[in-house]
Amino acid sequence: MSTDIAVPPQKQRPVGRFWASTIGKKTVMAVTGLALVAYLFAHMLGNLKIFLGAADINGYAAWLRTIGEPALPYGVFLWIARVGLIVAVVLHIVAAAQLSLRDRRARPVRYVHGRVSFATSTMRWGGATLAVYVVWHILDLTVGVANRDYVDGQPYHNIVADFSVWWVNVIYIVALLMLGLHLNHGFASAARTLGVATGTIRTVGTVVAVVITGGFLVVPIAVMTGLVA
Amino acid sequence: MKLTLRIWRQSGPRDRGRMVTYRVEDVSPDMSFLEMLDVLNQDLIMRGEQPVAFDHDCREGICGSCGVVINGRAHGPERTTTCQLHMRSFADGDVVDVEPWRAKGFPVVKDLVVDRSAFDRIIAAGGYVTAPTGSAPEAHATPVPKPDADVAFDNATCIGCGACVAACPNGSAMLFTSAKVTHLNVLPQGQPERERRVLDMVEAMDQEGFGGCTNTGECVASCPKGIPLASIANLNREFLRASR
């Protein structure tokens with residue numbers, strides 16, 4: 001004897017369903033996070049040009065504005081990149097905030113004998129700290145309003161002037177260490193969210209975090225020690 | 001051994017609940033944690049008090065019924081079920097905190113007993129293969145590559161105890177759901193419903209109010225059956241594959 005079993009047709013899954021699911025939001029976080037890591041890597045390499053001298057890094061900064069010429073007008077490539085970065089940052093933060101809220105609601109009654117998860121708390125509070133830092137960093141070295149010695153188009157001068165102030169160095173170094181912790185967990189987490197199952201991905205994430213953080217850190221250290229003046 | 005226990009007492013779903021301190025004497029290091037609770041309950045019954053309610057069934061570590069959070073760790077200090085945890089893992093004079101699984105998807109029924117039917121609803125959403133049942137088919141009718149059979153079996157060992165949810169800082173049920181999805185999606189018998197299974201089970205998981213995965217690995221550290229974090233990566237991969 002056999003019985004026919006009615007199998008319902010597969011439901012349509014539009015973008016809204018993807019965004020509504022926890023894994024969909026995590027995927028958005030992973031893709032935008034990895035895009036930001038790629039940007040950070042390029043930013044870090046550009047900063048290292050300071051060791052080649054003022055003409056080199058100032059020329060590099062000017063070149064960034066001429067990419068795509070003559071098809072693109074002056075500075076347009078940079079604005080395309082900036083819009084892309086803003087979209088990535090906004091999506092990353094919105095998804096993170098919604099997921100964090102959901103995660104908190106998933107445990108309405110806390111454990112009396114609780115334990116703090118280091119990775120989860122550094123990702124959330126570290127991430128929020130980084131967001132505040134990025135705003136200050138743009139006002140300091142891109143717009144220049146938070147930097148009295150700022151000269152437009154003179155990144156070498158601006159960087160040296162910036163890192164000659166002790167508290168700027170403190171802010172910068174603390175933010176970088178936060179970034180290192182964020183990347184150390186975030187890179188591997190993004191890879192897992194995108195389906196990478198190998199155990200070595202954590203090591204890769206740590207290497208990425210150390211290389212990017214180290215690459216950024218050598219600049220203020222070089223200014224502080226007088227290597228770059 | 002003498003122990004001081006601080007146990008969550010809650011008379012029903014609507015009671016606020018509180019930690020209550022008990023002293024237990026004559027604890028043998030060879031007792032299981034549940035046998036130690038039996039000793040306490042016997043004492044409470046003799047004194048005319050309400051015994052502590054806790055879930056248990058096989059007491060062999062295979063049914064997934066038991067499970068409490070001991071000193072902040074799901075199933076206690078060893079990577080096993082609460083029934084297979086022995087009192088030799090504790091020292092004479094220890095203070096031991098005992099709490100129920102804490103998650104929105106696992107409401108407390110009484111004391112240490114929680115309602116885990118949320119897991120049943122996730123399974124009902126797709127944790128099965130639609131095949132005519134009856135007598136077992138001939139074993140060689142459907143060839144399964146050995147590595148696939150191993151992955152399926154490792155994931156099939158999940159007993160649905162809920163320790164992953166209890167241990168997760170986000171109260172996420174990703175390890176449980178990933179074990180079930182991986183178990184069935186890797187096998188030829190699971191292929192016809194491969195995509196619908198993962199989408200429906202993830203949707204059911206989200207609807208139950210469980211949190212999202214942040215890849216901290218707390219679930220794996222508490223899983224008595226050793227379900228690996230790779231299963232969660234596989235669940236994500238299956239979800240993305242089905243969402244295309």
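The count begins at 1 with the first shown residue.
Backbone N, Cα and C atoms are what each Cβ position is placed from, and that goes for glycine too.
Now, the feature entries from TrEMBL:
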TRANSMEM  A:27-46  transmembrane segment
TRANSMEM  A:76-101  transmembrane segment
TRANSMEM  A:122-139  transmembrane segment
TRANSMEM  A:159-183  transmembrane segment
TRANSMEM  A:204-228  transmembrane segment
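The largest share of C-beta pairs under 8 angstroms with the transmembrane segment (A:76-101) comes from A:27-46, of the ranges A:27-46, A:122-139, A:159-183, A:204-228. Only pairs six or more apart in sequence are counted, and the transmembrane segment (A:122-139) with the transmembrane segment (A:159-183) gives three or more Cβ pairs under 8 Å, enough to call it a contact. Within its own chain, the transmembrane segment (A:159-183) has Cβ neighbours under 8 Å at 37, 40, 47, 50, 57, 122-123, 126-127, 129-130, 133, 136-137, 140-141, 147, 149-150, 205, 208-210, 212-213, 216-217, 219-220, 223-224, 228-229, counting only residues six or more beyond its boundaries.
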